Structure formats: structure tokens, C-alpha cells
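Chemist: Here you go, one structure.
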Amino acid sequence: MFRRLLIATVVGILAAFAVAGFRHAMLLLEWLFLNNDSGSLVNAATNLSPWRRLLTPALGGLAAGLLLMGWQKFTQQRPHAPTDYMEALQTDGQFDYAASLVKSLASLLVVTSGSAIGREGAMILLAALAASCFAQRFTPRQEWKLWIACGAAAGMAAAYRAPLAGSLFIAEVLFGTMMLASLGPVIISAVVALLVSNLINHSDALLYSVQLSVTVQARDYALIISTGVLAGLCGPLLLTLMNACHRGFVSLKLAPPWQLALGGLIVGLLSLFTPAVWGNGYSTVQSFLTAPPLLMIIAGIFLCKLCAVLASSGSGAPGGVFTPTLFIGLAIGMLYGRSLGLWFPDGEEITLLLGLTGMATLLAATTHAPIMSTLMICEMTGEYQLLPGLLIACVIASVISRTLHRDSIYRQHTAQHS
């Protein structure tokens, strides 16, 4: 047992450095090509001229597509093993390391050029790759899946500053394939990754700063649960839209570079209306949580951002949709809260409360992982007073979504790329 905990610690350290490496590479490219040192792609887009704002995501998608197509032609074969940590966990615990690194580099290109795709997907993949590389060198084959799971959980902890949620995400996704005893190393890796990441970044701040002064009352629990029902209906709709957009792009029968460029061009066009469509949505989420906008502003940004996410994911841009899903959930919750706020004197607090609830419940509805979703929002914001209500709402959202749409966002993604 001591041996496993020691390896879990090493995996956590490796994962933290993998995530930090990707983050610093992203910041470097943003500084070189966008003259942006704020770390916010929305700020970068705001400061660009309209023609650069239009073309930059398209050029980034084109470059990523050329890289992926060039690698496939160079090797003259498709990847001989998984290039996704979820697939590796569901098969024999091995990666195609070279193809996975190329995929991560392609993700770096589309992320830094403004596509509405999550950067954390590549971060978690790199963390899992580092764990897998170490495991194949120093551990027996039957443990490889465990250490990939530890690496993925550690990557999520370092990226989202949510070690418990990262650990439970792995446990919920792998329910039935991992023994409960295996959670120990997973949690150790996640916590170590968070601590090392804090040391690297010289900060232990929460991912999102929220000033929620409301004390949750019976009325608020009713509103939280009703938001869970709404998210349970919206989750399957979002997954259906993503699948339809993916099939639409595939039906065009474009070469990968042009397909990714088209997705980027759509994001560029939308950014002419609002630069908030650039990036994974992190900075927009923070601005909404700091000062919830008016109903029509939320609705406008929501529609543009939703279309940008659908275009980016549908075109096959390498990256995650975890953080974009958080923004969509926040917007849905805030739209609902703003509508209800017309009849309540504390409309601002209700809007913020239901925005946080929307983040958790839509995440639960799309991942079918309610416990992870609840803990993730609490860990990212520090609002642990919401935990009981969020847990009930997330379970309801997950049950409704699973009834209407059997596959989670991860199973759907695997099916699309298999």
C-alpha cells in the first residue's frame, strides 16, 4: 500500500508539471501572436482589429488540421492505440504517445487562436500521458489503468483546482471497473497535483471568485431543484445539437484542415458581434459571476457562445467541452434567475444562485456524474453551503438527462471519433 501511495505522489507531481507546461506554452503563444499577456482570450479578441478577430480562429484551425493530416500522412496509418485518456481507460491502458502529443499540440493551436473549445482537455490528456509513461516503465501491466486514472484525476485537479471532484469524476465514469480501494491513490495524486500546481503558480486562490451573500432558505431549495429539472431537459438538447453539428461538418466531406478552418471562421464571424465567444469561456464566467448582466445581454452572449461551441466541437477541434459546458449552464441558470427575479425583491442574489446551480446541473446532465458535478462547483467557488441543494438538483438533472439521452458527452465523443 505504501508503494502505491508513493507512486501516486510521483504521478501527482508529474501531472502538475504537465498541466503547467501546457498553460505556459499557451500564454507564450498568446503573447507572441496576439500581443496579449493578460491570459484572457476575450481581452485579446477585444484588442484585435475586426479582420484579425475574424481570421485568427480560422487560421488556427487550419494550422491544427494541417498538423494532424500531415502526421497521419507521415506515419501512413491511423493511431495504433488510443489518443484519449477515456479510451485508454476503457481498453488496455496504453497510448499512442506520439499521436497523443501531436493531438495535444493541435489542441494548443486551436485554443490559443480563439476557438471556443476547452484547453483543460489537453491538459488532462498530457497529465494522463505523463502518468502512463511513468507507469509503463516502473509498474506492472495490471496497474497501468490505475495510474492513468490517477494522472487524469491529478490533471483535472491541477486544471480546475478541484481534487475531490477530479477523483470522483474518475470513480463515477469507471464505476464497476475500479475497486473502491483504488480511490486512495487517485485522491493522493489529485491532492498532490493541486499542491504542486499552487506552488508553481504562486497562488492558492479559488478558480472562480464569487460573492454570494444569500443564506439558502426553503424557497431557494425549490428554485435550485427546479433549475435541476430545467438542466435535465437542456442537457440532452445540447448533446443532440453537438451530435447534429458534428454530422453536419462530416457531411461536407472537407479535408481536416478546411473543416477545422471552417469551424474557426464561424467563431471569428461570431466574435465580430461579441469577443466573448473566444476561448473556453473561463473569463466570461468570471465576469458574469462578478456582476451578473441584464437579461438581454446574457441572452445575446449565450446564443453567440453556444453557436461558437457547436461550431468548434462539431468541426472536430481537438480540445474539451468541459469549461464551455460550465458557461452554457451558467447562462441558462442566470436567464432563469433573471426571469424569476422580476417577481422577487432579491433578484440579483437569485440570479447568482441559479447561475451557480446551472453550472453544476448542466454539467451533471451532460456527464451523468452528479456527485462530481456538485463537488466541482463547490470546490471551484468555495460555496459549500450550496452542497445539499446542488447534490439533489444534480441527481435529478442526471436522471432526467439519462432517461432522455442514454449516452453521456464522453461516450458520445468516443463514438464520434471511433
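Cβ atoms are placed via backbone N, Cα and C, with glycine included.
Keep in mind the model is a prediction, meaning the values are calculated, not measured.
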Chemist: Looking only at the topology recorded in Swiss-Prot, are Leu27 and Ile117 found on one side of the membrane?
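Modeler: Judging by the topology that Swiss-Prot records, the two residues are on different membrane sides.
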Chemist: Over the span of the topological domain 'Cytoplasmic' (75-145), count residues by DSSP class, listing helix, strand and coil in order.
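Modeler: Output for the topological domain 'Cytoplasmic' (75-145) reads 47 helix, 1 strand, 23 coil.
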Chemist: Considering only Cβ pairs under 8 Å, which range in 5-25, 178-200, 222-242, 316-336, 352-372 makes the most contacts with the transmembrane segment (258-278)?
Modeler: 316-336
Chemist: Counting only residues 6+ away from its ends, which parts of the chain sit with a Cβ under 8 Å from the transmembrane segment (352-372)?
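Modeler: Distal contacts: 165-166, 168-169, 172-173, 210, 212, 214, 216, 220, 223-224, 227-228, 230-232, 234-236, 238-239, 285, 288-289, 292, 322, 325-326, 328-334, 336-337, 340, 381, 383, 386, 389-391, 393-398, 400-402, 408-410.
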Chemist: With the transmembrane segment (222-242) as the reference, find which of 5-25, 54-74, 146-166, 380-400 contributes the most Cβ pairs under 8 Å.
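Modeler: Maximum Cβ contact count belongs to 380-400.
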Chemist: Can you say which of 5-25, 54-74, 316-336, 380-400 has the most Cβ pairs under 8 Å with the transmembrane segment (146-166)?
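Modeler: Ranking 5-25, 54-74, 316-336, 380-400 by Cβ pairs under 8 Å to the transmembrane segment (146-166) puts 5-25 first.
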Chemist: Taking a Cβ cut-off under 8 Å, which residues six or more beyond the ends of the transmembrane segment (380-400) line up next to it in the same chain?
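Modeler: For the transmembrane segment (380-400), the far contacts come to 160-162, 206-208, 210, 212, 215-216, 220-221, 224-225, 227-229, 231-233, 235, 289, 353, 356-357, 360-365, 368-371, 373-374.
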